[in-house]
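As written in Swiss-Prot, here are the features:
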BINDING   Cys48, Thr50, His70, Cys178  Zn(2+) 1 binding site
BINDING   Thr50, His70  alcohol binding site
BINDING   Thr50, 203-208, Asp227, Arg232, Thr273, 296-298, Phe323, Arg373  NAD(+) binding site
BINDING   Cys100, Cys103, Cys106, Cys114  Zn(2+) 2 binding site
Amino acid sequence: MSNTAGQVIRCRAAVAWEAGKPLVIEEVEVAPPQANEVRIKILFTSLCHTDVYFWEAKGQNPLFPRIYGHEAGGIVESVGEGVTDLKAGDHVLPVFTGECKDCAHCKSEESNMCDLLRINTDRGVMLSDGKSRFSIKGKPIYHFVGTSTFSEYTVVHVGCLAKINPSAPLDKVCLLSCGISTGLGATLNVAKPKKGSTVAVFGLGAVGLAAAEGARLSGASRIIGVDLHSDRFEEAKKFGVTEFVNPKAHEKPVQEVIAELTNRGVDRSIECTGSTEAMISAFECVHDGWGVAVLVGVPHKDAVFKTHPVNFLNERTLKGTFFGNYKTRTDIPSVVEKYMNKELELEKFITHKVPFSEINKAFEYMLKGEGLRCIIRMEE
């Protein structure tokens, strides 16, 4: 165990005091881990659109002050009672959803939606005692999705930590703890395109490009990128995208455009925008008889869409996925190995790097739509 085990650690954290206001670097106190918890030192973290969405708090229950962040890589500092599969010094990726290994979902090979540790954006405290491990002068600071990686130290449930190869560079593989794995797994684990097949990807942000990367790894012969922003098309070529369709450039529905391009439809489609209009297009653009559409993007909670039942009766399949169907502890270490084996390229997702003291720049980049992922280096 480390020499700080069992003690309160004082460190820097980027605290969101209110919705939409710049984060403030504060000295926080991080309590020791309790039963089934692990305290980790964060070395690198990244900003995901989910952090920005809840920081803006335009459509959700606002919970402040809060420490955001959930794409990161770090090293175990100490473990709480009952933790046997991690020890101080282990390299880990904290993940917003977990794997308890005991519930029906964890025991099923088909599901990764753990009953105990499934994502909960409203909970700002730890499961074991309903309390926060962060405080400033005695005032609790709320957690975010069980990870809160915008802090030099954080406390995470053991089931939400993937133990990874210590040789893997944390400034690269930290991206695998959320968006990249979500898109990659949607293709590899759910859509499962065969070699030589045609794939359409709706939305060419980081998640969509990761889905395209999955299609590239699968040996797809054609990967059609669909996006309303034509300036994304050139960048997408690096991820295997071979053709581009901007729905605004056509009078007819984009699913009809794709059907004409592909002799009645693509074999697989992956929808990564959360737009219900795009969801309909993604489903209706797959080929009858064998086409599979996979929904990844998260819509507004009240959103609904409709399509004709004949689309199903003609043997098109519509699926949804959560975190690319990856189990946090069981599967993510092998995704890291894909990077280590040079199958998966992560460098091309990284468009910006900033020190922790300039974390608000990462928010500016994302709000302006500049780049894909910004790596935040915790040590100055």
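Even glycines carry a Cβ here, placed using N, Cα and C.
The binding-site residues recorded for this entry are Cys48, Cys103, Cys114, and the Cα of Cys48 lies nearest to that of Leu204 (NAD(+) binding site). Listed binding-site residues: Cys106, Leu204; maximum Cβ neighbour count within 10 Å falls on Leu204. There are 19 other Cβ atoms within 10 Å of the Cβ belonging to Thr50 (Zn(2+) 1 binding site). Between the binding-site residues Cys100, Cys103, Cys114, Cys114 has the most other Cβ atoms inside 10 Å of its own Cβ, all protein chains included. Put simply, Thr50 is the one of the binding-site residues Thr50, His70, Cys100, Cys103, Cys106 whose Cα lies nearest to the Cα of Val296 (NAD(+) binding site). Those residues of the chain, other than Cys48, Thr50, His70, Cys178, with a C-beta within 8 angstroms of the mean position of the Zn(2+) 1 site C-beta atoms are His49, Asp51, Gly69, Glu71, Phe96, Val145, Ser177, Gly179. Among the binding-site residues listed (Cys103, Val298, Arg373), Arg373 has its Cα nearest to the Cα of Cys48 (Zn(2+) 1 binding site). Arg373 (NAD(+) binding site) is 13 Å away from His70 (Zn(2+) 1 binding site) when you measure Cα to Cα.
Taking Cα separation as the measure, Cys106 (Zn(2+) 2 binding site) is nearest to Cys178 of the binding-site residues Cys178, Ala206, Arg232, Val298.
Between the candidate binding-site residues, His70, Arg232, Arg373, the densest Cβ environment within 10 Å is the one around His70. A gap of 15 Å separates the Cα atoms of Thr50 (Zn(2+) 1 binding site) and Gly208 (NAD(+) binding site). The two recorded residues, Val298 (NAD(+) binding site) and Cys103 (Zn(2+) 2 binding site), show a Cα separation of 25 Å. Long-range Cβ proximity for Gly208 (NAD(+) binding site), meaning a same-chain Cβ under 8 A and a gap of 6 or more residues, is found for Gly183, Val201, Phe202, Gly225, Asp227, Ile270, Cys272, Thr273.
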